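As recorded in TrEMBL, the features of this protein are as follows:
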ACT_SITE  B:Asp52  active site, nucleophile
BINDING   B:Tyr111  substrate binding site
DOMAIN    B:8-104  domain 'Pseudouridine synthase I TruA alpha/beta'
DOMAIN    B:145-246  domain 'Pseudouridine synthase I TruA alpha/beta'
Protein chains: 2
Amino acid sequence: MTRFALTVEYDGRPFMGWQHQDHGPSVQQAIEDALHAITGEDALVHAAGRTDAGVHALEMRAHCDVAKDIAPFRLMEALNARLRPNPVAILGCEVVPDDWHARFSCLARHYEYRIVQRRAPLTFEKGLAWRVANPLDADAMQEGAQHLVGRHDFTTFRSAHCQADSPLRTLDRLDVVRQGDRISVFASARSFLHHQVRSMVGCLSLVGQGKWRPDDMRTALKARDRAALGFNAPSDGLYFLRADYP
Amino acid sequence: MTRFALTVEYDGRPFMGWQHQDHGPSVQQAIEDALHAITGEDALVHAAGRTDAGVHALEMRAHCDVAKDIAPFRLMEALNARLRPNPVAILGCEVVPDDWHARFSCLARHYEYRIVQRRAPLTFEKGLAWRVANPLDADAMQEGAQHLVGRHDFTTFRSAHCQADSPLRTLDRLDVVRQGDRISVFASARSFLHHQVRSMVGCLSLVGQGKWRPDDMRTALKARDRAALGFNAPSDGLYFLRADYP
């Protein structure tokens, strides 16, 4: 068996998320089907993050074990050929040690949440960004975001379906960056709770609209109560950017 | 009657082009249908450029005459509401003099052609850029492009279906700009022949691949013969950027 690490880009719009689902297509299934067509093997593909329905990835990392003798470049090209017409692309493929695990070896995960501020509906980016019709104060959002950086109990920002053992997480970065009519929220941590990024961004959008003051972010965090959550931002704007490994 | 100038963004993928077509949806028809639903009038919508099937626009300019008493902002909002779910957005709407004509008053048209150089298929940008698997030499392309700038007979770079009276055009700008794995070709002129930008980009791609020398662009131009054309680039990467008026 050879273990391959994959770098995967995908447009999450047509998928029910990364993970296998009974009720619709998943990115994981698309890659496993392509792999089966190439190798005849039933390999599982494990990812650094199990993104939700409609969430995108620019450089998701994943791994799989293959018995067939195949070079990494050939495997990548064959996967890309078989993945059509799914909007999933294998950008990189390399042999890694047998104990390298896309999920468990991962030291940090980086997300970006994209907001477009404009009156008109989105065209090219429909489903690829969150359109907000009214102006957002990015400086206030950035100030509010800093209350969440550090090691905290993120119960307020955690989905009811979250399966993590503990609500404690260390948020290394939460930055709000404006470029013209576009606002990106960058979030980095070793790991995140289910819906954490979308929950944080939803609350920050209330700060941006002036409905919350920046330090209401701290109040919501301290409440450690899902009922204190202001708003869960839609999946459209969320991108898994990349994962770090030793 | 009040004449309104519209600024229109559209994703060209689902359309047979700007202009009415018997065999499929057009951007013009989508806007005229929305206008009819709002005003009950059968107004024609004229554009600065009649883009082909699959060609996109970031700021197309158009105009229409409306009898109904309606403020520009309200017209814009109503058009956007009625245009859903078409990937067409009205970004601007203003009252203009009765002799302002989106096509005939236009002093310059600006296009961008987007190329993405990578092995893997496109995901987010499928149909929105031309993917080229092998490396392109953007410096050589830029050198070749300069042979086309100026006033020339562009017969070589003109579609057999072009309806213009003359093949003479003045190309004001043709610049090849690389940013990482992305190459954009910017073209500006008072007006273009049918397929001119795609034909120029197709030949430049041959220069980028080393199949043509930069001065083969000049040879092709001087031939004034469609048979001297190297290649017509696909519609996917072409964007009408904006139009200039007095």
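Backbone N, Cα and C atoms are what each Cβ position is placed from, and that goes for glycine too.
In this structure the alpha carbons, written CA, of B:Tyr111 (substrate binding site) and the residue listed as 'active site, nucleophile' are 13 Å apart.
Taking Cβ-Cβ distances under 8 Å and a sequence gap of 6 or more within the same chain, the neighbours of B:Asp52 (active site, nucleophile) are B:Gly17, B:His195, B:Ser235, B:Leu238.
Residue counts of the domain 'Pseudouridine synthase I TruA alpha/beta' (B:145-246) by helix, strand and coil are 34 helix, 31 strand, 37 coil (DSSP-based).
In the three-state DSSP scheme, B:Tyr111 (substrate binding site) falls into the strand class.
According to DSSP, the residue listed as 'active site, nucleophile' sits within a strand segment.
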